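A single structure is presented below for examination.
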Amino acid sequence: MTLPSAARVYTDVNAHKPDEYWDYENYVVDWGNQDDYQLVRKLGRGKYSEVFEAINITTTEKCVVKILKPVKKKKIKREIKILENLRGGTNIITLLAVVKDPVSRTPALIFEHVNNTDFKQLYQTLTDYEIRYYLFELLKALDYCHSMGIMHRDVKPHNVMIDHENRKLRLIDWGLAEFYHPGQEYNVRVASRYFKGPELLVDYQMYDYSLDMWSLGCMLASMIFRKEPFFHGHDNYDQLVRIAKVLGTEELYAYLDKYNIDLDPRFHDILQRHSRKRWERFVHSDNQHLVSPEALDFLDKLLRYDHVDRLTAREAMAHPYFLPIVNGQMNPNNQQ
């Protein structure tokens, strides 16, 4: 039997809310009118949706329409309920309406428009200060959703929209997000491979908000070391091997022992033995301008096997790495 675990913060948030806050299965969707929106151009497609830039013809305002592919009603309700609960939260994409296509009966979510520089293109070009600035903005969104009893479960560059001109960040795609209830066992088939925490890879289901902090750590590592992605596994098994090559196998086994987790036998042949590496060994001439002792200390406190050892979003914001941001000593516009 694996041993239980609970979040260090915001543990009982949902227990103190009315059931209708988190009971999305009984949620009744308030469908708006699709005729108010005209699609302008396709922005992209995901596993579960197609995304378009659109215009609200009654207000002439730009917006973004996410047309959902056929998926369980329950999953759609969960995404809508979470977006409604988080509406108005710091740096959380704003859901404006939910409509149904009259012909296909396909649901579509209408969002505020964000100038679409996705982080991925941008974040290999950012300065040290800008990396700190945007990660701080992302942490505001994570602390907000965690404080509201919600785990995002798919934090990655692709789901972070940045309007670089206006220094505006939005955390998007809440399709995998879920309500946190201590003691609940969750599906480990969430997040994108390169950003999956060790708990998912070893099939530990009683995870919590700290999963998002691992994913944030992976983003930080890829940004400061200019290595995208930082842990580049070819499949979910290889993903854990890539992590173990950096964090060490002894440390992995200590984590498994602590929670009494049985490793899938497939790992025995591929894991081998790896010593823990110092973060300094990833520093080279092309990335040294982005690396500082406080950046490495911050990274070290995020990329921990044991989810309870990772910084929370609130603790992360208090880390010295963000002092230049908190003090606002510099203006990002005049940073080289």
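Cβ atoms here come from the backbone N, Cα and C positions, even for glycine.
Okay, so Swiss-Prot annotates it like this:
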- 37-322: domain 'Protein kinase' (DOMAIN)
- LEU43, GLY44, ARG45, GLY46, LYS47, TYR48, SER49, GLU50, VAL51, LYS66: ATP binding site (BINDING)
- ASP154: active site, proton acceptor (ACT_SITE)
By a 10 A CB contact count over all chains shown, which of the binding-site residues listed here is most packed: ARG45, LYS47?
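Of the binding-site residues ARG45, LYS47, the most buried by Cβ count within 10 Å is ARG45.
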Using only the Cα atoms of LEU43, GLY44, ARG45, GLY46, LYS47, TYR48, SER49, GLU50, VAL51, LYS66, which the record gives as binding ATP, return the largest interatomic distance in Å, rounded to a whole number.
14
Which one of the binding-site residues (LEU43, VAL51) has its C-beta surrounded by the most other C-beta atoms within 10 angstroms?
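Checking each of LEU43, VAL51, the winner is VAL51.
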Taking 8 Å from the centroid of the Cβ atoms of LEU43, GLY44, ARG45, GLY46, LYS47, TYR48, SER49, GLU50, VAL51, LYS66 as the cut-off, which other residues in that chain fall inside it around the ATP site?
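Residues close to the ATP site, other than LEU43, GLY44, ARG45, GLY46, LYS47, TYR48, SER49, GLU50, VAL51, LYS66: ILE67.
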Taking Cα atoms as reference points, rank the binding-site residues ARG45, LYS47, VAL51 by distance from the residue listed as 'active site, proton acceptor' and give the first.
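Closest by Cα distance to the residue listed as 'active site, proton acceptor' among the binding-site residues ARG45, LYS47, VAL51: LYS47.
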Let me check the 10 A CB neighbour count of SER49 (ATP binding site). How many other CB atoms are there?
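Taking every protein chain into account, the count is 21.
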According to DSSP, which of helix, strand or coil covers SER49 (ATP binding site)?
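In the DSSP reduction, SER49 (ATP binding site) maps to strand.
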